[in-house]
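Novice: Have a look at the structure that comes next, please.
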Amino acid sequence: MPQQNLLILYGSQTGTAEDLAGRLSREAKRHHFNCRTEALDEYRVANLINEHLVIFVCATTGQGDPPDNMKNFWRFIFRRNLPHNALCQMDYAVLGLGDSSYPKFNFIAKKLHKRLNQLGACPLLPAALGDDQHELGPDAVVDPWLKDLWSKVLSMFPLRPGLEIISEDVLLPPKYSLRLLEEKVGQSELSGDAYERDFISNNTTPPSEIHPFLAPVLSNERVSAHDHFQDVRLIEFNITGSAIQFYPGDVVMVQPRNSLLHVEQFCSLLHLDPLNKVVVEPSDPESPVPMHLAALCSVQQLVERYLDICSIPRRSFFQLFCHFSPDEMEREKLKEFSCAAGQEELYSYCNRPRRTILEVLVDFPHTTRCIPATFLLELIPQIRPRAFSIASSMEALPNTIQILMAVVQYKTKLIEPRRGLCSTWLASLPPHGTERVPIWVKKGSMKFPCDPDTPVVMVGPGTGVAPFRAAIQERVANGRPGNCLFFGCRGKSKDFYFEKEWEDLGNRGYLTLFTAFSRDQEDKIYVQHRIKENSKLLWDLIGTKQGYVYIAGNAKLMPNEVTDALKWVLQLEGGMSAPDAEQYLASMEKSCRFQSETWS
């Protein structure tokens, strides 16, 4: 009897859903299932009609949006012309990850579960709705749900006679194993020249994650006051000859690197020679090694460019890490962090102080020394690319991309300040230096009106103003007035980004600007207050002239408060009832006249 096939599909923005899909995959192997795991947008969705057992793991981002790597799938699965029985052969389960402090908690998982059922698929269980706000995190829901899932699945597909579930004490082989060679790399290989020749874009097709463009840094300017608590940079990349095309609302992806100091510390802890050549090999011949892994040639490149040693380790890290421990005390502690009962302890140790993988390795020296190199790719996740809204227009500034970036740094109970991997690295790069930044462009969610006479209202506090600078530059370059910007920050003299630029455009009749400086007076003033103060203008632009409204910035409170202010304007100036104002904004959203791009 052949093994039962199981497909695990995930949509992940920060890596949590992908990590959970990996956990499911390992559990499937322990239950003797033939398991495939793919990101939703990497899976050929037309094949879904042939699948019989599928588990979906998906996060909800921003204001109820799907993760970037499931957006194409999301559009496809909600096509109106799909037959109502298209998935009648499928048994499925949906595992969602969200944050209950947001209004659209686990919106994607709930909607996907309902849609699959509408298309004839049979749910194995109610959708699981993991919550970041729970004191134990998503695992509070995930752990009992997985027990119920495997109980249900095994009742439908029992183990073959003579087979038993593989114990957690048994170490499964890694998906990709790392082999160290005695041969050393040369200086040109260590600097990455050979690696980059294989890895970079060929300049005839647009760069991508597989083939990024290595962009020189043209400028790196601090645009917040030097005595301001937050270091914000305007960074400009040279994209001459890259074949990159972008439009207002698009995002540039940046692949960051670990610092050489952290690379050296990691290699020292594991007794690795950075100069050793490496080969990455698949455990399964049918799972070829990804190109970016196959191109790696040295330990230093592996650690600097691939292993996310400065990320916060997840539970899965400790579940594997404890297998290598020869020390009884360390092993017991690692097992505690690995089990369901130890999650509160793990949260206090890792999540609350934001302790990194590298710092955990320091804390468990006996175990760290015994990590087999072959398991490094299984133990430590890949460095994820970071997304930045493009803050410039190709029309105004050809051959360049600019980003507005806050350098992440904060204190916890740990002595060493916490620093953002990507922002710290980018902020350290000097203009016209030798270091190149791997970048590529992805289409953004914002779409601006084609009609030059359509007014545009933009609400972008802080670094949320970045995509609107690109839009305003482009519209001005094409002679389009009717640009209205609501910008908010802490202080006029502290973090008023692009002040002179906005002033010049206002004087030329291209921009109407409203500012909210929250800390320049006793009572805090935010962009939503300015919206209410200018209700007549807003109603004229939105209600009379059918303008477009855009919101960008932090997803926590601002988007909802701005939306409430807009509803207030519709009621006051448009004479609408509260339900009518709600419906009006909903219809604007449906016709793309009301758009938002927010991030956590």
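The backbone N, Cα and C atoms fix where each Cβ goes, and this holds for glycine too.
In case it helps, Swiss-Prot gives these features for our protein:
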type    : residues                                                                       : note
BINDING : 12-17, 59-62, 97-106, Asp132                                                   : FMN binding site
BINDING : Arg354, Arg386, Ala387, Phe388, Ser389, Gly420, Leu421, Cys422, Ser423, Trp599 : FAD binding site
BINDING : Thr463, Ser518, Arg519, Lys524, Ile525, Tyr526, Val527, Gln528                 : NADP(+) binding site
DOMAIN  : 6-150                                                                          : domain 'Flavodoxin-like'
DOMAIN  : 210-449                                                                        : domain 'FAD-binding FR-type'
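Are these features on the surface or tucked inside, and what are their neighbours?
Specialist: DSSP assigns Asp99 (FMN binding site) to coil in the three-state reduction, placing it in neither a helix nor a strand.
Counting only same-chain residues six or more apart in sequence, the Cβ atoms lying under 8 angstroms from the Cβ of Ser389 (FAD binding site) belong to Gly249, Val251, Ile403, Leu404, Gly444, Thr463, Ala466, Pro467, Ala470, Ala552, Glu597. Annotation note: Ser389 (FAD binding site) sits in a strand segment as assigned by DSSP.
In the three-state DSSP scheme, Ile525 (NADP(+) binding site) falls into the coil class. In sequence order, Ala516, Phe517, Ser518 are the residues of the chain that are 6 or more apart from Ile525 (NADP(+) binding site) and have a CB within less than 8 Å of its CB.
Summed and averaged per residue, pLDDT over the domain 'Flavodoxin-like' (6-150) gives 94.
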Novice: What span in Å does the FAD site cover, taken as the longest CA to CA distance among Arg354, Arg386, Ala387, Phe388, Ser389, Gly420, Leu421, Cys422, Ser423, Trp599?
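Specialist: If we measure all Cα pairs in Arg354, Arg386, Ala387, Phe388, Ser389, Gly420, Leu421, Cys422, Ser423, Trp599, the largest is 26 Å.
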Novice: How many neighbouring Cβ atoms, not counting its own, are there within 10 Å of the Cβ of Ser518 (NADP(+) binding site)?
Specialist: 16
Novice: In whole Å, how far does the CA atom of Ala387 (FAD binding site) lie from that of Gly62 (FMN binding site)?
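Specialist: If we compare the Cα positions of Ala387 (FAD binding site) and Gly62 (FMN binding site), the gap is 14 Å.
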Novice: What is the total of other Cβ atoms whose distance to the Cβ of Ala387 (FAD binding site) is within 10 Å?
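Specialist: Cβ-Cβ neighbours of Ala387 (FAD binding site) within 10 Å number 16.
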Novice: Which residue among the binding-site residues Ala59, Leu421, Val527 has the fewest other Cβ atoms within 10 Å of its Cβ, if you could check?
Specialist: Leu421
Novice: By DSSP, how many residues in the domain 'Flavodoxin-like' (6-150) are helix, how many strand, and how many coil?
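Specialist: Result for the domain 'Flavodoxin-like' (6-150), in helix, strand, coil order: 55 helix, 35 strand, 55 coil.
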